[in-house]
Each structure stands twice: as structure tokens, then as C-alpha cells.
Amino acid sequence: MSAATTQFPTATILAYPRIGRQRQLKRALEAYWAGRSSETELLEAASKLRQENLARLVELGLDASDASLADAPSFYDQVLDATVLLGAIPPRFAGRQGLDLYFALARGDEKVGPEEMTKWFDTNYHYLVPEIGPDTPLRFADDAVTRKFVQARQWGYVTRPVLVGPLTYLALAKADPATPDFDPLTRLDEAVAAYEQALASLHEAGAPWVQLDEPALTSDNLSHPRAELAKLAVGVYERLAKATNRPQILVTTPYGDASQAVGALAKTGVEAIHVDTLRGSLPKDADLSGVTLVVGAVDGRYIWRADLAALRQTLTAAQALGATKVAVATSNSLQHVPHDTALETWDDPTLNENLHAWLAFADQKVQEVVTLARGLDEGWEAIDGEVAEATRVLEQRAAAPGVVRPEVRSRTAALTDADRAREPYLEREAAQAQRLHLPPLPTTTIGSFPQTTEIRKARAANARGELSDADYQERMREEIAAVIKLQEELGLDVLVHGEAERNDMVQYFAELLDGFAATRNGWVQSYGSRCTRPSILWGDVSRPAAMTVGWSSYAQSLTDKPVKGMLTGPVTIIAWSFPRNDLPLGEIADQIGLALRDEVSDLEAAGIGAIQVDEPALRELLPLDAERHADYLDWSVGSFRLATSCVRPDTQIHTHLCYSEFGQIIDAIKGLDADVTSIEAARSKMEVVPELAEAGFDHGIGPGVWDIHAPRVPSQEELAQLIGLAADAVPVSRLWVNPDCGLKTRGYAETKASLENLVAATRQVRAERELNN
Ligand code: GLN
Ligand code: ZN
């Protein structure tokens, strides 16, 4: 390492949102994919956005020249960027280069399917899962990170490049499908060698610091437990630290608790270590002499203004641990929060005033970090004013109307186990067979049909006041009628109304429930160019009026086939909103569960025979710390059952889960006690079905046969084969046929073609197996 070392800055963040205040990256990507812009235009748009973001961070108080500016630009995903850096390209992508290769890995192309996508730790961000076998190349194959450093320096910024660390990279990888039992972590030495070269390249370009993100060190939910990863980390960082040709290294451990690993990491020779003190804690009994402790104090997950008095205490405690220096940062990358509260206004003037005081989005969080750093550098008196103001706002929030509502609190307090139990499954199964008259291998979809431009335009016009509510409702009814007609023509068995009226499966409910506030510009990247706008759950939740009954009963009035009512479950509403931080999640879930229970009862009373309560986020919120699993599964399952246990045995409860790795939550899936569970399965070629069966799951199951995340139409043969695989693994009487997920992001042409094939494939399997109707 060079003699000229720059001290670690006192104020920093782990990364800034990269989608852009106006979602510029989304627009640039989608224009490029649609062939409306060239590669050069895409590169220019991305570099302009990056330059704006860096300028903004400096405006907010971070230093331009001391490596404060964590820089993690990406066209799609940071894990995919690491795959490209390492040249770890699965063989099926051979022959592609540059952006064609990059986007083929992310989205597939005409010839190949993409890499699998899965959720990043306990967030709603999706990363592309590396596929590593014994022969997958692992070398320093792409110096984009160095080129970006050089480019930023030309603009006048000394950035701190951010990379997914080698341990986390391999811990998140899956085995190359050709060698399914291979453990990617056995390639760790080669990955570290590649990182050594990447670090050398950055050093030669003059980078004083590099940030290696190792969130795997906070998780028990990966293929290897946290304690084992911590041991491997020591070897990795001893080796990286030993290299002489490298920048100084910051290792980060966001999203959870790595405090057990910190002591050993501090001895490896790396210069700085970050801990997340919101989901984890400060290291105990660790000798930190010689390292900078970067305290992840400002919450990078949620959007509440910080309790500066409490964070000042955390930082004071950190100062007593004997580190060479204490710096302050966010708990994790700010990619999980929107850009700026200044972009929001709420119609209700009191709410508007309150939320502006109560909230901190990315830009406000950077300012909180800068304030706390001033306290560290200049003494705490220097920020007495800011601390007092933060405390005053917290007190005002706790007492504000709507935050605590006695009628909601007394309802949850009165709940008993009986409120969460239905009749035995076999009794329900018989009653539902009598009522619904479904063929073997019933076909259905997950709920949404394509959200066409016309639908979005109508909604936007309605929001602007250019289309009256009555006209908007009429437009949505026409859409529902068309979707019902299409499903009848296609020959599907259990229909859906298509969710045209929903802007989003969580926001729609958040807008109709008390206790939530939607945002206008609060976009957060979910994957690639896809962004979501989480609602803010700020108060006690209740349902002022029925939310979906009108739409569902209208749809049911158009057909003799059953139409599923469609609701979003409590855990998913919490996971895809920004929940309040002043009430346990379990209690919030029960408040939502009760509101949904009222809706379920109303749907049943309106004659709806099947009701789906989606819980695609059930696994997402699973705590990273294994010791907290049981408590989580208890309240999450409990809230689903609270929402769904009020119905008669002949009303069929469906649920939908959006991932295929459910190992740790299999008991929870069973515990939901839904009559039918649809689950993602296409990309993993149905491997979930035998796994579920072996785990003793014996209710109705609908493994997805069509991977709706990829823009391609699966053939009848391919679908029949997948249905056949599933039918070999579970009793056909309990097997359903459906896509992996909702169709809102697909177009109509591919939707029709794919569903036609899905129905034809189902009929083929029914005939081949002589399943009588
Ligand atoms: N019912 C929702 C839909 O079809 C489910 C979406 C999801 O699982 N994310 O759109
Ligand atoms: Zn889904």
C-alpha cells in the first residue's frame, strides 16, 4: 500500500440511490431496450445521472475529495456487475459481449433465459444470482470500476468505489445447473485473486479507498451459516490486506448483525470496518486498535427522521471502543429509500406538515450523517440545536392524531387463537369441490393482467382531474369485462378480474386504508428498471369502507366460472411499505390483518367463492438472524390466518408466494393453512414441488410453469413437460396450473400466446394421464 494514505472521512454513506430523482436511469434503459435510443445515448444518460448524483452529495455536505462519495453506479444490479467484473459468465451466454451480454444475463434474449433473480437480504431489491460451477471463469475480466473512478476524478471527485465483496458474491451464488451439488464457496481463493487484481487496478488509478460490501456476514439465511462465513472472511481479508498494491479497504456489514465477526476482521489488516447498529449492534470485546470503525447509525432501510439523541449515544459508545477513528455512515446503501422528501406534497395540510417533519429520504439522511459527523469532529455541543429539534419532532409525532387510535388498539388486544383457525383442511376440500366443480389440474392466473398504456393513461388523467371518477370507473369496468371474456375464450378455469384498477398491489390498499400515506415521487428500485413507490405506514390501520368488493362482484356477475377475490396480505403490505418504527411489526400486521378480515367477510357475503391473499413477501421479511425466525414466523403466519379464518369451509382461500427458495419458511407456508398456494417454480424447473411434498405440505399447490419475468412465450411442449414433472411429485388432485406471478408487466400478445399454450399443455397432460373431467 502506498505511503500516502488518506484518513477515512468522518461522514459517509454506503451508496446513494441510482435510479435518479426523475427515474432517469429507468427511462434511459427502457428507451435502449425498446430500440428507441443507441448505446451511446444510454451511456451518456447514465454518466450524466452519475455526475448529478455526485454533485448532489457534495451539495448535501459530503466532501468531494476525501473518498466520502461512495460510488456504486449500475445499469441493473451490483451483483451482476460483480459477475461481469469476474467474467463469471455461464456458458449459455457464450458469444455475447458488452451491453448485449450484460442485458442478456439480466433479462435473457431471444436465445437464452436470464440468470435467476432473487431478493437481496431482507429487502425488496432483487439481484441476479451468479451461477458458479467448478469451471466457471473467475478472473479480473473487466475494469469498468477503474474506468469509472478515473472518469469521476476528471469531473473533480475522488470517489470510493463500491464492490460486492468476494465472500458475499459467492455466498449468494448458486451452483451452475450442470453441477447442481457444487458449492460456489469452494472457489473463494480464485475469487479473492481476481479481487486482488481489481484492487491493484484501482490503486494504480489513484483510488485511496475501496468499499467491499459483505452483508453475507449478517445472515443466517444463506447456504452457509453466519459463523462459518465469518471464519472464511478472516482468510479473505488477511489475503486482500496483505497485498501491497491496493487502496485502503472498508469492509461493510449492512442489514444485520455481524458484531461477532468484527473482532477477527479487525485483525486482518483492513483499514476500516462498518457495522449496522440499527439491525445489528456495536462490536463487543473486540480489539479495534488500528482500524476505523464506521458506525452505520442513520437508518438506510426506512424513512423516518433520525432520533439524533439516540444516535449520539450510539456514537459516544462507539468512541469508547478504542478504534483509531470513529466515522458515521448509513446502516446500508440508500438504494432502498427514495431521493428527497422535497419532491413530495400531501393534500391534507396537517399530514403534509407532519410528514415533512417526520420523514427523511436519502438526501435528508445524508444531511443527518453530516450533522452527526460534525458532532464527532467538533464535539457534541456543536449539534445541540439539531439534536433538540429532532427530539421535539419525535415527541410531536408520538402525540399526533391518528398515530394511536384506541378503537384499533382495543380490537387487536381482544384477539384470541380462535380468531386464527379454520375447519380441518379435508372438510374444506370436500366442501369446495362441491361448490366450485373444477376440472383436474385447474388452470388459473395469479391476479393481474397486463397494465396497458391506456389503463395507465386513464389513471393519470383521473389523478389530474381530467377524467371524472365515474368515467374512470367505467373504463376499468370495460377492462375487467374484456379480461373476463379473454379468460373464458382461453378456457381458464378459475378467473381473475385482472387488477386493472390497481396502480400497485400494496399502494392500492394503502390508499384505501386509514393510517397510510402514498407518495408521488418516492420511487425505489426493485430490479433493473422496475421501481416501486412504497407507501408510508404512519398511524394505526383500519378499513373505512369495502375496498375490492365492487370490482370483484362486477367481474363475477359476468361469468359462471369462479372469479377469485384478490387481496394483498399483511406481511406483504408491511414489506412493501415503509412501516412505522414505533410499534412492533407483529402488532402492525394484526391491525392490517383485521382490516383484511373485514374485506374477506364482505367478499364472501357478496358470493365470491375463492379469495386469494397474496403473501409474496413472506420470505423477504424473514429476519437474517436465525434466533429471530420463530417469533417472525409466529406473527406473520398469525396475521394471515387472522385475515382468512373468518370464512365458511366451502370458500377457497388461495395464497401466492413469489420465490422458489422457501427452505426456511416451509413450516410457515404450511402454517398459513391456505387451500391453494401458488409459488414460483418455472426457472427452477419445478424443483420446489418435490421439496414441498417431502416437507409434508399437502394442500393444493400451483407451481408456476411460465416464468413471467422473462419476455418470452413458453411453448406447449415445455409447459406440458413442467406440468408433468409436478404431477409426478404430488397427487394430481391437488395440483393447479398457473404462471409464476401476475401478468401486469407483460404485454397482451405474449400473455395470450402463453396462456393459450398453458391451457393446451394442461389439456394435453389431462389426456395423457387420463384424468377424467
Ligand atoms: N396478485 C398479484 C398480481 O398478480 C400478485 C403479484 C405478486 O406476487 N407480486 O399482480
Ligand atoms: Zn408473484
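Note: Cβ is positioned from N, Cα and C throughout, glycine not excepted.
Fair warning: this is a prediction, and the values are worked out from it, not measured in the lab.
Pulled from TrEMBL:
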type     : residues                               : note
ACT_SITE : His709                                 : active site, proton donor
BINDING  : Lys26, Asn124, Arg530, Cys531, Trp576  : 5-methyltetrahydropteroyltri-L-glutamate binding site
BINDING  : Ile446, Gly447, Ser448, Glu499, Asp614 : L-methionine binding site
BINDING  : Ile446, Gly447, Ser448, Asp614         : L-homocysteine binding site
BINDING  : His656, Glu680, Cys741                 : Zn(2+) 1 binding site
BINDING  : Cys658                                 : Zn(2+) 2 binding site
DOMAIN   : 11-319                                 : domain 'Cobalamin-independent methionine synthase MetE N-terminal'
DOMAIN   : 441-763                                : domain 'Cobalamin-independent methionine synthase MetE C-terminal/archaeal'
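Positions of the features from TrEMBL, shown on the structure.
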residue: Lys26; record: 5-methyltetrahydropteroyltri-L-glutamate binding site; DSSP class: helix
residue: Asn124; record: 5-methyltetrahydropteroyltri-L-glutamate binding site; DSSP class: coil
residue: Ile446; record: L-methionine binding site; DSSP class: coil
residue: Glu499; record: L-methionine binding site; DSSP class: coil
residue: Arg530; record: 5-methyltetrahydropteroyltri-L-glutamate binding site; DSSP class: strand
residue: His656; record: Zn(2+) 1 binding site; DSSP class: strand
residue: Glu680; record: Zn(2+) 1 binding site; DSSP class: coil
residue: Cys741; record: Zn(2+) 1 binding site; DSSP class: coil
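Taking the Cα of Glu680 (Zn(2+) 1 binding site) as the reference point, the closest of the binding-site residues Ile446, Gly447, Ser448, Asp614 is Ile446. Checked against ligand 2, the recorded positions Lys26, Arg530, His709 give no residue with a Cβ under 6 Å from it. Ranking the recorded positions Asn124, Arg530, Cys658, His709, Cys741 by the distance of their Cα atoms from the Cα of Gly447 (L-methionine binding site) places Cys741 first.
Each of Ile446, Pro616, Leu657, Cys658, Tyr659, Ser678, Ile679, Gly704, Pro739, Asp740, Gly742 belongs to the same chain as His656, Glu680, Cys741, is absent from that list, and has a C-beta within 8 angstroms of the C-beta centroid marking the Zn(2+) 1 site. The number of other CB atoms found within 10 A of the CB of Ile446 (L-methionine binding site), across every protein chain shown, is 26. Trp576 (5-methyltetrahydropteroyltri-L-glutamate binding site) falls within neither a helix nor a strand when secondary structure is assigned with DSSP, and so counts as coil. For the recorded positions Ile446, Ser448, Glu499, Arg530, Asp614, His709, a Cα-Cα cutoff of 10 angstroms around His656 (Zn(2+) 1 binding site) retains Ile446, Asp614.
Taking the C-alpha atom of Glu499 (L-methionine binding site) as reference, the shortest distance to any of the recorded positions Asn124, Cys531, Trp576, His709, Cys741 belongs to Cys741. Cβ atoms within 8 Å of the centroid of the Cβ atoms of Ile446, Gly447, Ser448, Glu499, Asp614 (the L-methionine site) belong to the same-chain residues Thr445, Val496, Met505, Met566, Gln612, His656, Cys741, Gly742, Leu743, Lys744, site residues excluded.
With respect to Lys26 (5-methyltetrahydropteroyltri-L-glutamate binding site), the closest of these recorded positions in Cα terms is His709, chosen from Ile446, Ser448, Cys658, His709, Cys741.
The binding-site residues listed here (Asn124, Arg530, Cys531, Trp576, Cys741) include Cys741 as those with a Cα within 10 A of the Cα of Ile446 (L-methionine binding site).
Across the structure, His709 (active site, proton donor) and Cys741 (Zn(2+) 1 binding site) are spaced 8 Å apart at their Cα atoms.
Ranking the binding-site residues Cys531, Cys658 by how many other Cβ atoms lie within 10 angstroms of each Cβ puts Cys531 at the bottom. For the pair Asp614 (L-methionine binding site) and Cys658 (Zn(2+) 2 binding site), the Cα-Cα distance reads 9 Å. Sequence-distant neighbours of Ser448 (L-methionine binding site): residues of the same chain at least 6 apart with a C-beta under 8 Å from its C-beta are Val496, Gly498, Glu499, Arg502, Met505, Gly742, Leu743, Lys744.
When the binding-site residues Lys26, Trp576, His656 are checked against ligand 1, His656 have a Cβ within less than 6 Å of one of its atoms.
Within 10 Å of the residue listed as 'Zn(2+) 2 binding site', counting CA to CA, the binding-site residues Asn124, Arg530, Cys741 contribute Cys741. Packing around Trp576 (5-methyltetrahydropteroyltri-L-glutamate binding site) is summarised by its Cβ count: 24 other Cβ atoms lie within 10 angstroms of its Cβ, all protein chains included.
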